[in-house]
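J.: Submitted below is the structure of interest, expressed as structure tokens.
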Amino acid sequence: MDGVKEWFNSIPPVSRYMFAIFLGIPVLAAMHLISFNYLYLDFTFTFKHFHLWRLITAPCIISSLGPMFLFNLIFFYQYTTRLESLNYAGKSDDYLFCIIFISICNIIFGLIFEYYFLGTMTIMSLIYIYSRMNPTGTSNFYGFFSFKTIYLPWVFLVAHFLQTGHPPYSDFLAIVSGHIFFYLTDIYPRANGVPALIKTPKFITNIFNKGDRNPNNVRRDPRTGRPIQEGGYNWGQGHALG
């Protein structure tokens with residue numbers, strides 16, 4: 001039991017609580033302590049009956065317990081911990097903002113196209129961001145073959161199509177959500193030499209103890225570790241999985 005506690009506490013903070021929520025919801029549902037009926041995304045319940053908690057729970061629901069849930073949970077654990085411990089090392093506030101931003105985008109898509117459970121979209125968005133932040137790395141799929149990490153989300157896209165036989169529209173929209181975030185925080189600023197177009201709100205930064213994060217408040221390129229000149233602004237940053 002001590003080993004499990006030690007392992008759980010070793011997970012970076014945002015990933016730790018997200019993992020607990022992703023796992024806890026279907027476990028509690030299987031024990032009949034909660035019902036998915038009160039957690040999925042629905043416009044009428046959310047905005048007309050003010051079930052605003054659905055905006056938080058829907059992006060964290062993969063499915064009920066089962067083999068596919070387990071596979072998706074493993075993928076989530078792999079890529080969220082890599083992102084937060086590598087690309088967002090010491091910047092858990094920026095990582096939390098990244099998750100909030102992509103969740104908002106996925107919620108908008110979910111409301112438009114009537115997707116009720118958005119957990120797999122959250123995972124796909126993070127996988128896309130990871131692939132863009134670590135494009136030259138090497139990834140493998142189920143241990144069968146290796147490829148450049150930049151292709152990772154597209155490999156998942158094809159795999160989901162082969163598994164289900166249905167066009168993976170929600171996966172593609174999740175990639176769009178991830179790309180919007182990466183474009184605003186990396187592609188456009190890097191191409192034009194300007195600060196990121198969105199930044200982590202102060203209230204999110206205040207959640208975390210920032211005393212030892214960065215004494216000089218210098219933002220660094222996750223690929224090189226070198227300081228990034230930001231024209232006097234302290235912008236939050238979003239990055240991808242590998």
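Cβ coordinates are placed from backbone N, Cα and C, and glycine is handled just like the others.
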J.: Do Leu55 and Ala196 share a side of the membrane, as Swiss-Prot has it?
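T.: Judging by the topology that Swiss-Prot records, the two residues are on different membrane sides.
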J.: Within the same chain, where does the topological domain 'Cytoplasmic' (120-140) have neighbours whose Cβ lies under 8 angstroms from its own Cβ atoms, ignoring anything closer than 6 residues to its ends? I mean 6 or more beyond.
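T.: Sequence-remote neighbours of the topological domain 'Cytoplasmic' (120-140) are 59-60, 62-63, 72, 75-76, 79-80, 82-83, 86-87, 98-99, 102-103, 105-106, 109-110, 146-153, 155-156, 170-171, 173-175, 177-179, 181-182, 186, 222-223, 238-242.
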J.: Thinking of Cβ pairs under 8 Å, which stretch from 19-39, 141-161, 168-188 has the most of them with the transmembrane segment (99-119)?
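T.: The listed stretch sharing the most Cβ pairs with the transmembrane segment (99-119) is 168-188.
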J.: Could you pull out which residues elsewhere in the chain have a CB under 8 Å from any CB of the transmembrane segment (141-161), counting only those six or more residues past its ends?
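T.: Distant Cβ neighbours of the transmembrane segment (141-161) are 124, 127-128, 130-132, 134-135, 167-168, 171-172, 175, 178, 241-242.
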J.: Averaged over the topological domain 'Cytoplasmic' (189-242), what pLDDT does the prediction give?
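T.: The predicted confidence over the topological domain 'Cytoplasmic' (189-242), as a mean pLDDT, is 62.
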